[in-house]
Ligand code: DMJ
């Protein structure tokens, strides 16, 4: 594979970071003086002349070092969290005999002039009062959209898992635990919608305990990320909000925690009844039993996307069993063979081995990669470095094996290896993959802004590469929206690229620069109100502070408003985003309230709300506090 097709290979010398590979002054001088000519002259000159020459070199070095300390930046960047040693002193410009002999310290990469300008522009933009009020107004529009979605659900489907907004009724597609109520609750808390919090909270207090003990089969993963995750976030946020506003209506916070614990106690059967560390995928609540899916396999992403929730539950209850069982999965996966850190999308709870060779970051693979870094962030105090290692290796694998550029206009995308590394490459990218830009950015700076991370010398080459890839992929995800007639992304896109070209299957927006790059097949043209792109825009905005991410989010929101809003209440999915008017699909997924609208609201709002340094969002956008030694309620 040539470096052309691998824009993020560390072997690619064209890569952006090359600009940081400067030579030190000492290297420049010694290189100049050691040319063949000089060597000849020095051999010929007298000892006195030679010593004088040496003195001049030394003095020149000292003067230049003193006048322009930053020029002594060495090649490369600092290690993982950058050695701080020497940074301040050299920035002070002080000189000493010791320093003369010492190898100049490694300094962090600096923002390029372009980046500095764009950062300043964007910061300047944020500070302008008129723009500020515009973003507040946009945030209010998202809040209104949430109220509209909730009111449709409440009117026609209260207590069901999901709303069917066109037929105006409810449906239990997730086992009947009132998934929309729980998924939406913490969004309502974040938006400070007290009435919705009261309605959802009261429903949970009154109905959820009975549902948990009497309902039938549920999927372990879906129930954990939506219901357990939603309850735990609601618990944390309600504790915090009750402190500030003791008259807050709704149940006591302990109601949420008790329900989460009771449900998780039954879900644990999926782990304890499995013969290996890999849990069964399905649990029958009323029987307190678990079993494998009909084909005997679990999705890799499903088995590895339970740990944030179970760890936090152990933390709150003081009972280690939830964390113990769920972390066994990742500890076991650590030992399994992988392809450059990449894993097949199926795993067997019976053998504990991966099954098949299909590798992708879309469905069934996605959140395996997301939770490696998020669980590491959550557990940073416990020093589980193996998770960070697995994440880093996997991201290298992604860059080496899955990232390519489209033709003719060079959008960076993540493809698939349906038959493993020895089979062919497929230029197919699920919308689900659009979680990756956000995860990459989070993994690079650990939630602080890029400017701060650069200032504090915290970024490695790897982090910078990942951040650059994050920004490129976020653009691609955004273009997947803007290339269609509706301005909404399809479920799956293909990319014209080396070895693949397809005509006549475009998104319909003839004014898009990328109309010939993105191919949308007929079967993939639906939109389920998914959150991944706006999730990444939110994280990238917080980290880069570049307001283009907000603007992109706003245009996506406007398209949702225009084409998916149902007058009688709620929002609908679409059958085909490439035609106008698009045909509607009779389903409002729970994650529209739990994730999509939450991320949009946060994207347009104040960066201090749910800071990325204090919370990790589970894969269903439920913020979970990063654990400290203190029990943080
Ligand atoms: C959500 O349930 C979660 O984000 C999950 O990880 C992937 N799919 C949906 C949203 O698209």
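The backbone N, Cα and C atoms fix where each Cβ goes, glycine too.
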*Please find, within the list 42-64, 65-87, the residue stretch that TrEMBL describes as transmembrane segment.*
42-64
*Of the recorded positions 222, 434, 477, which ones put their CB under 6 Å from ligand 1?*
none
*Does DSSP give residue 366 (active site) helix, strand or coil?*
helix
_Local Cβ density at residue 222 (active site, proton donor) - other Cβ atoms counted within 10 Å_ = 19
_Cβ atoms within 10 Å, counted per site: which of 366, 491 has the most, among these active-site residues?_
366
_residue 532 (active site) versus residue 477 (disulfide bond) - Cα distance in angstrom_ = 9
*asked:* If you compare CA-to-CA distances from residue 532 (active site) to each of the recorded positions 222, 366, 434, 491, 619, which comes out shortest?
replied: 434
*What residues, ordered by sequence, lie under 8 A Cβ-to-Cβ from residue 619 (Ca(2+) binding site) and sit at least six positions away in the same chain?*
225, 305, 367, 370, 371, 435
*Take the Cβ of residue 477 (disulfide bond) and count every other Cβ within 10 Å, whichever protein chain it belongs to.*
29
